[in-house]
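Here is what TrEMBL says about this protein:
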TRANSMEM  7-25  transmembrane segment
DOMAIN    70-220  domain 'Flavodoxin-like'
BINDING   76-81, 127-130, 168-177, ASP203  FMN binding site
BINDING   ARG295, THR552, SER614, ARG615, LYS620, VAL621, TYR622, VAL623, GLN624, GLU656  NADP(+) binding site
BINDING   ARG451, TYR452, TYR453, SER454, THR469, CYS470, VAL471, GLY486, VAL487, THR488, SER489, TRP694  FAD binding site
Amino acid sequence: MATQLDTLDIFVLVALLLGTIAYFTKGSLWAVEKDATAGIYGGTKVNGAAAKGSKTRDIVKTMEDSDKNMVIFYGSQTGTAEDYASRLAKEGSARFGLKTMVANLEEFDYENLDTLPEDKVAVFVMATYGEGEPTDNAVDFYEFIMSDDINFTEGDRLGNLKFIGFGLGNNTYEHFNAVIRRLTTTLSKLGAKQIGTIGEGDDGTGTMEEDFLAWKEPMWKALQEEMDLEEREAVYEPVFSIAERTDLSAEDDTVYLGEPNKNHLEGASKGPYGVNNPFIAPIKSSREIFTAKDRNCLHMEIDVAGANLSYTTGDHIAVWPTNAGKEVDRFLGVLGLGGKKDGVVDVSGIDPTAKVPFPTPTTYEAIARYHLEICAPVSRQFLASLAAFAPTPAAKEELTKLGGDKDYFQETVSSRYLNIAQVLELNAPGEAWSDVPFSLMIEGLNRIQPRYYSISSSSLVQSKLVSITCVVESIRIPEASHVLKGVTSNYLLALKQKHNGDPEPDPHGLSYAITGPRNKYDGVHVPVHIRASNFRLPSDPSKPVIMIGPGTGVAPFRAFVQERAVLAENGDKIGKTLLFFGCRRASEDFLYREEWKEYAAKLGDSFSLITAFSRDGPEKVYVQHRLKEHAKEVNELLAQGGYFYVCGDAAHMAREVNTSLGNIIAQERGLTETQGEEIVKRLRSSNLYQEDVWS
């Protein structure tokens, strides 16, 4: 027994010694925290901040070292908030001589925010995502600042902090601009001083840009008074230096031709895959699922087995688009760069905190095709900034008018959905805008963003094969002589054509470079990553579910029903599964028509499909009408603890469904409309009412 105790004692002592060594060497010899974005731009620093865990995560030190007195933080999901932050930084510098920097919220720590000197100001440009949630890059900051037991370096107060705020939201969501509202309240409670009023942009009404422009002028006036600033004549000062590299050619293996980072450039792509690092995934199958001759809807199966990627039913897949060759040529041509499209350039920040939005050296064509949103709607402010570089006096006068008159801008540009190159072409026909600094285009246009699609397959059924359902956007604009083409959906159409044997796919003459930079996407491949969602089936399959999914809004519900059908086959008890689906005509766009029959055979009486065909009868019938017709059953299922899901158009369908449900509950339970609305709100707050909607 004594020998056994001695051995045990030795074992314990050794374990304690190893534990002590491990504790004191953590972070130097092991468990070194790595950033998923490290090496993304070949080691280039981003906003002056290097990889996560470095000393430059200290925002106060970064501002002091770079002599900045204004930092504009952004929480952005689609790039708009980042664009607004950049525009504020440029304007603050040009008009008031402020020393500005733009900062991605996820690249800094905030424990010492209380030590930011009083002569500096912080701006928060915050988008609200989903049901009142912060954007992915703002989660860590938001959770830190909102915590109940927050502590900063010198206490729990922000008495020195002066701040400004602008929110980006959508009033079709219940929690409209919740992030900026909560943040403002919290910062004020912590003792920070708010300058001016908080701005709120509304994507739901389509007034986001004008909301931003209307907010910023009084904001600047308030800041002028607070910091005793003098306004000066704004003169363009480039943020980026563009150096043409005649010593390099597009064939050199050190030149980026659209590759998103160094690993991709060197042909050694590796995970983790995410918003800065796509997986080049093979398309396993693709087919057309509309029978209408003038409209397309694609079903694709994307293989993620080689990426160590996983998803859960209800998640989203992000597709990284490329701009069409037709628009790339138009863009470079109008800037007088058509003959130099393969010319190699180095882009670098003149200021050490400037963020180059893509890796360099690269080419003019690669920048236009893979990195800039050249097909996006144009901002009025951006057009005004281009007026000084117009090739003719008439063009200068017209752009100045467009920049200053919002009604004229709406009538002439916005209503026609013109992109930047189209506007410049129309205002100086046959002329090249060769005096426009290319740096201004990089600064003024958003970085091209991944497009997110609801995954239309169940992870329980096909864990490594992701399905997407995509309508190809092609909208004729009555006010203009062109057809608006969806960038990503037409890119996917080209991939589908190639996958199905077309040797030269060219949907609508848009000429996508579908084989990717240096033919790295050939085969056929598409760059993707997975984004987690809160749109989830109940963990208990016996719970009833009610799903409202017209058009491609049915995508996640195909996944839900697919999953429940398999669970039923496995012997699980399945609750009532009620799906409301709507489209134009049963003969043209009844998505997955035959599949529903297969699922019904497996689910039996627990599954019901209720359809609404808006153009098959004398009157238009939509899903919200069918919902009212089944009011009794819907109310009973909710009373049994059922879950209610909506996917699709936010502005009209989702809002009307929300209203209809409140009316149904009030009618069936003998309540007032107000009481019905309150019950719907409680369903939302308890996660029994979930939405996956878009503008």
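One is the number of the first residue shown, and numbering goes on along the chain from there.
Note that Cβ sites are derived from N, Cα and C of the backbone, with glycine treated the same way.
Automatic, uncurated: that is what TrEMBL annotation is.
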Nearest of the binding-site residues (SER76, GLY79, TYR453, SER489) to ARG295 (NADP(+) binding site) - Cα to Cα: SER489
Same-chain residues at least 6 apart in sequence whose Cβ lies under 8 Å from ARG451 (FAD binding site): ALA318, VAL319, PRO321, VAL487, THR488
Binding-site residues compared (ALA127, VAL471, VAL487) - highest count of Cβ atoms within 10 Å: ALA127
GLN624 (NADP(+) binding site) and TYR173 (FMN binding site), distance between Cα atoms, whole Å: 18
Which binding-site residues sit within 10 Å of ALA127 (FMN binding site) - Cα, from THR469, VAL471, SER614, TYR622: none
Alpha-carbon distance [TYR453 (FAD binding site); PHE176 (FMN binding site)] in Å: 22
Same chain, 6+ residues apart, C-beta under 8 Å of the C-beta of THR469 (FAD binding site), given in sequence order: ILE289, CYS297, LEU298, HIS299, TYR453, SER454, SER456, THR552, VAL554, ALA555, ARG558, LEU591
Residues that sit under 8 angstroms from GLY130 (FMN binding site) by C-beta distance, when 6+ apart in the chain: TYR173, ASN534
Residues ARG451, TYR452, TYR453, SER454, THR469, CYS470, VAL471, GLY486, VAL487, THR488, SER489, TRP694 [recorded FAD binders]: greatest CA to CA distance in Å: 18
The one of SER614, GLN624 whose CB sees the fewest other CB atoms within 10 Å, among these binding-site residues: SER614
Most crowded position, judged by CB atoms within 10 A, among SER76, ASN170, SER489 as binding-site residues: SER76
Integer Å distance between the CA atoms belonging to VAL471 (FAD binding site) and LYS620 (NADP(+) binding site): 21
TYR173, PHE176, TYR453, TYR622 as binding-site residues, winner by CB count within 10 A: TYR453
Span of the NADP(+) site, taken as the largest CA to CA distance across ARG295, THR552, SER614, ARG615, LYS620, VAL621, TYR622, VAL623, GLN624, GLU656 (Å, rounded to a whole number): 26
Within the predicted model, mean pLDDT of the domain 'Flavodoxin-like' (70-220): 94
Nearest of the binding-site residues (SER489, SER614, TYR622, GLN624) to SER76 (FMN binding site), judged by Cα-Cα distance: SER489
